[in-house]
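Annotated features, as they stand in TrEMBL:
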type	residues	note
COMPBIAS	457-479	compositional bias 'Basic and acidic residues'
DOMAIN	12-450	domain 'Major facilitator superfamily (MFS) profile'
REGION	456-479	region 'Disordered'
SIGNAL	1-22	signal peptide
TRANSMEM	100-120	transmembrane segment
TRANSMEM	193-211	transmembrane segment
TRANSMEM	248-270	transmembrane segment
TRANSMEM	290-311	transmembrane segment
TRANSMEM	332-351	transmembrane segment
TRANSMEM	357-377	transmembrane segment
TRANSMEM	389-414	transmembrane segment
TRANSMEM	426-445	transmembrane segment
Amino acid sequence: QMFGIRHLQAFLLFLGLIVAYSLRVDMSVAILSLKRSYCDLNISYTIQNTLKRNVKLVYNLKEYKWDSETRSTVLSSFFWGYVVTQIPAGQLAQRFGAKILLTGSLFVASLFTILTPLAADLGGAELTCGSRVIQGLAQGFIFPSIHTLLSSWTPMEERGRLATYVYAGSQVGTIITMSLSGKMSSTIGWPSIFYLFGGIGIGWAVLWFFFGADHPRSAKFISKAEKDYIETNLGSIQSTDNKRSTPWAAIFTSLPMWALILAHCGQNWGFWTLLTEMPSYMNDVLGFDIGSNGLLSALPYLVMWLTSFLFSWVSDILNSRQLISLATSRKLFNSIAHWIPGVTLIALAFSSKEDTTLPVVLLTIAVGVNSGTYLGFQLNHIDLSPNYAGTLMGITNCAANIMSIIGPLLVGFIVTDQGNEYQWRIVFFIASGIYFLGNLIFVIFGKAEIQPWNDPEPTRNVEAKDDLAMKNADSKEKV
């Protein structure tokens, strides 16, 4: 089947991540020209034979005098809330379903995005941080929910491809936001950024509420053939007991799980340091004005989006022809995603600001190949435990986003002069080292086999698996 309900779910999740990342990234560009635009409506009358009304709009711009430390604090404040809800999100998605959590998550995040200009106007940096914290709390439900949905909707042979398409939404969201935000900020004022993307987010929440589904069993319009095909090819029997206990001790004493946590931490330190600070670096060190900055800042994420499809295609060939094991495939693509950026960041540290082309090329490579993580550690949660994939993502994302808080704050501490290329060099050295170490641990200790603690019920009736297997030949022919 060329397009089934599983593909519709993937497409909606793809759109959801576009929205989610637009709500995260908007502040990275807007903060460079954080100004309040308001309109005084002046009406004058001119009498020439007949009465004519001339309406003139006058825009007054008020700048917020935020220093480097304040800007870094505002940028990191999103993650203060984001880390808090990660682990509860996995548990709630397991018990109550990921659909409703995802709907509420993006609705709340979108609403407070729209309120961000008002927060800045009424309370300056403090209230703006408060708004961003609430957005982070809401978005903390997103990845555990998506991982829970992917574990229920993606057949084993399609998992890498569909997951890549879904997570590619994060790059598309970044590209769109960075491309539009710079121009919008410099022409119609920075508040327009938050109004636009917040409004789109509320629209997506309504769409997902009506067309999203927790699993094939609850989906509207799905055929029996597609439902059987998905459930037969999930790679393991998934429990339907929403109140099953979580094997916390087994999870936290699992070496592959710790390798996954550290790989995710390395990813977030490098990626979010670049994502939140790259606009400032390109503006203050490379000297691009904000209009150009938005387009150039988006370029690496365009490349990352394109390489995600290339890596997915290569992965399909390697796995379908069984040229390498699944574990080797995960480690190969994760190494591409972490070690190549590690090398390019070192090169970036020694590049000259007089040559603006080379830094742009290096930044594009560093971010562009990072899409390999979609076929690396990012799917490893489902490899280890389909039944607790959302909870595992909550655990690793919680730990990893502590790095997302520390990273920008450390940049603010190190880079006291935004135009000092030597201070930025230290930032790139640190990110490179963390990329290298995190992936090294994943390569040595990571695994891609379902762990024994995935099913804590040893007396489980295995005949269910045999019954599903008998449907496999039938359903594959029909789907």
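Each Cβ is built from the backbone N, Cα and C atoms, and glycine gets one as well.
Computed from a predicted structure; not experimentally measured.
Of the candidate ranges 100-120, 248-270, 332-351, 357-377, 248-270 contributes the most Cβ pairs within a distance under 8 Å of the transmembrane segment (389-414). Highest Cβ contact count with the transmembrane segment (248-270) among the listed stretches 332-351, 357-377, 426-445 falls to 426-445 (criterion: pairs under 8 Å). Across the domain 'Major facilitator superfamily (MFS) profile' (12-450), the model assigns an average pLDDT of 82.
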